[in-house]
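Asks: Here's the feature list from Swiss-Prot:
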BINDING   Gly35, Gly36, His37, Asp55, Phe79, Asp96, Gln103  S-adenosyl-L-methionine binding site
Amino acid sequence: MQDTWTHRTVLLNEAIAALHINPDGHYIDATFGRGGHSRLLLSQLSPQGRLTAFDKDLDAIAEAQTITDPRFSIRHEGFMHLGQLPAASAAGVLMDLGVSSPQIDNPVRGFSFRSEGPLDMRMDTTRGQSVAEWLADASIETMAEVIREYGEERFAQQVAKAIDRRRQERGPLRTTAELAEVVAGAVKTREPGKDPATRTFQALRIFINAELEELQQALEASLKVLQPGGRLVVISFHSLEDRIVKQFIAGQSREVFDRRAPFAAPKAMRLKALGRIKPSEEEIAANPRSRSAVMRVAERTGVSA
C-alpha cells in the first residue's frame, strides 16, 4: 500500500557509513520500516552482495515487496529472530528502533494521542493483544507497574486508578482520545512542551510489543550472525532502549573474570565499541523527531559467540 504520511529516515547516511560497507557482503536491516536504510545500503552493494530485512509490520512488508532487486529479501518476523540466519554470515546488522512516522501518523494504528483511532498499538496486527484488550482486564497494580517501568511516569498509580475508574463508570477504553483524556485528568504536573499522555502511551506501546525484551534478544542474536569485523549499528530513541544497547555493547567489549574461578582465563571481549553519534543540528531542524536519536556502533571480534 502507498503511505500518505511523510517519513524521513533518521541518521541515514551516518548509519550506512558506520556499517563500513563491503560491496560483496551480506547485510541485515533488522527493522525495515519504510526502507530508507535498506535502499541506500542496496545502492552500495555489488551484484554479489545481499540484504536481508526483518519487520513485524504488515505495512512495512507491503513497502518492502515493492523492491524487486534480487539481492534483497524481507521476512515478516521481529528482529529477535535474526539468529535463525547462518552463524557468522553477516558483514553488518542495522537496527533502527521504536515506532516510525507512518505508524505514529496513521490514526488506525492507535500509536498517537494526537489523533483519534482504535487503541491498538501492535506492531504486528496479526497477533497478540491490543492495548484496549489488555487495559480492559489489567489490574490497577499491573497497569501502574507497566506505566512506571516503561514510561518512567511518576503519576503511574494515579493514571492506573483513573483508567480503572473510567472502566467502572463507562466501560473499557476503546480509542486513543479516550485514553489521552483519562491520562490528562490524572497527571497533575505538566512537563513543558510535552503532552501529559506521552509517557503512558510510550509505556503501553513498549509493553504490548515486548520491545525491550525483543531488543535484548536481537542484540544477543547479532553476536551469532556477525562475522569477525562485522559492524553492529543501533539507533535508539529513548533512554530505556539506549541504556540496554549501551550496557550490552559495554558488557561485550571487556574481558570478564569469573569470581568463582579466579585462576581461569577471562572471557574475551566479543565486541569492540566504536562510539556513538547524534543527529546534526541541520537534521534536527529538518526532522524534529530525530532530536532524541542516539546511534551506537560496535565491531564484532573473532571471539566465538
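Including glycine, each Cβ sits where the backbone N, Cα and C put it.
Because the structure is a prediction, the values reported are computed rather than measured.
Show me how these features fit into the shown structure, please.
Replies: The C-beta environment of Asp55 (S-adenosyl-L-methionine binding site), restricted to residues of the same chain at least 6 apart in sequence and closer than 8 Å, consists of Thr31, Phe32, Gly33, Ile61, Ala64, Ile74, Arg75, His76, Glu77.
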Asks: Residues with Cβ closer than 8 Å to the Cβ of Asp96 (S-adenosyl-L-methionine binding site), same chain and 6+ apart in sequence?
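Replies: In sequence order, the residues whose Cβ lies under 8 Å from that of Asp96 (S-adenosyl-L-methionine binding site) (at least 6 apart) are Thr9, Val10, Ala15, Thr31, Gly33, His37, Ile235.
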Asks: Which of the three DSSP-derived classes (helix, strand, coil) applies to Gly36 (S-adenosyl-L-methionine binding site)?
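Replies: Gly36 (S-adenosyl-L-methionine binding site) sits in a helix per DSSP.
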Asks: Neighbour count, 10 Å Cβ-Cβ cut-off, for Gly36 (S-adenosyl-L-methionine binding site): what number do you get?
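Replies: For Gly36 (S-adenosyl-L-methionine binding site), the 10 Å Cβ neighbour count is 19.
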Asks: Let me know how many other Cβ atoms fall within 10 Å of the Cβ of Gly35 (S-adenosyl-L-methionine binding site).
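Replies: The Cβ of Gly35 (S-adenosyl-L-methionine binding site) has 22 Cβ neighbours within 10 Å.
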